[in-house]
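As recorded in Swiss-Prot, the features of this protein are as follows:
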- Thr67, Gly68, Lys69, Thr70, Ala71, Tyr208, Arg220: ATP binding site (BINDING)
Amino acid sequence: MSKIIDEILSSLSRSRIFRNRELLLPDYVPEELPHREEQIKRLVEILSPLMRGEKPNNIFIYGLTGTGKTAVTKFVVKKLHEKISNSFIYVYINTRQTDTPYRILADLLENLGSKVPFTGISTAELYRRFIKKVLELKPILVIVLDEIDALVKKHGDDILYRLTRANYEMGKSKVSIIGITNDIKFVEFLDPRVKSSLSEEEIVFPPYNAEELEDILKRRATLAFYDSVVSDDVIKLCAAIAARDHGDARRALDLLRVAGEVAERDGAEKLTIEHVNKARVEIERDRVYEVVSTLPFHSKLVLLAIVIGVNEKRRTLTTGEVYDVYTKLAKKIGVESVTQRRVSDIINELDMLGIITARVVNRGRYGKTKEVNLAVNEETVIKAISEKDSKIASLWDR
């Protein structure tokens, strides 16, 4: 067994594919951000009051995944801080990871130098301490809240209301907020008071086109790979695939990185179209696994009902048929089933995630119905459900 490990490690150590793999990872912020000059300029203009020691307006940054929102924000704030570090301090928080109001306030306090116990203090007390700490500061505090929609959908917008009210409560303009979201419609669901405070300035990041993605990939490939490893054809294919997926630069970079890893495992000296196609399958499998494994319990059960029903009937299912299979599964594992209306909503949600297809069809005098089918690899779905939910996994033992 150790011989196999030694052989693999030896092969990888001889690889001449990657010069620096980390330059292709999502959290890497390059020194150049091509095709985002307009957004960089706009963000610098909005934040320019910091040069005078004044609080800039709050900013909402919109754009689909992989359009450069986070990279540009981190880049601009970091560069400004290098030039005028005495004027402001900044804290970056990804609210999908730091996903409760308590942890957000705790993170803010810890970044400002205060120690916070993991539990035992109320959110209200944390907020009081936060206000007190900010008042002690001389510089302006810039708070970057990334994926802000994830937080609000889970816990509401009370924490945003508190943060936007902080300046009023202190009697001083000390806190500026930059909110970043993938959901362009998200702001419509905010309390009007939060909406007006947060949306003082707005910047929209459009998707990249294929030519822009090619340029981004070429620049990054020059740094990340050894010379002559990546051909123009490989770059063009990665860019074309990502351009079809709403111009997602993150997807393009992931595709190029995973293609390099596939080539490395194959012992190849160069990346090929075949490596890109293999990487595409691998990434899609990983994406499906991640999405399915994090679904709520009843969404997983409905999805499993679709898998079982389609296999049994050898055809697409109606919404009613999905509900019938779902209720039988719920009864088997001893859980109370949700209503047919809720199952219909779950089907729509799974369709939006791209896990299933739900097509409305007209059946004449029988009226309209939905034809439901699985849109991804069945084995990956079953693996994600069974490994992440023991209660549903018990169905396999019955």
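Each position is counted from 1, following the chain as shown.
Every residue gets a Cβ built from N, Cα and C, even glycine.
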Simplified DSSP label at Thr70 (ATP binding site) comes out helix
Based on DSSP, name the secondary structure state of Tyr208 (ATP binding site): helix, strand or coil. coil
Show which residues of the chain containing Thr70 (ATP binding site), separated from it by at least 6 in sequence, have their CB under 8 Å from its CB. Asp146, Ile180
Set of same-chain residues at least 6 away whose C-beta sits under 8 angstroms from Ala71 (ATP binding site): Val29, Pro30, Leu33, Arg36
Which chain-mates of Thr67 (ATP binding site) that are at least 6 residues away have a CB under 8 A from its CB, listed by sequence? Phe205, Pro206, Pro207, Tyr208, Gly247, Asp248, Ala249
Mind giving me a neighbour count for Gly68 (ATP binding site)? Other Cβ atoms within 10 Å of its Cβ, every protein chain shown. 24
For ATP, whose listed binding residues are Thr67, Gly68, Lys69, Thr70, Ala71, Tyr208, Arg220, the greatest C-alpha pairwise distance in Å: 18
Going by DSSP, give the three-state secondary structure for Arg220 (ATP binding site). helix
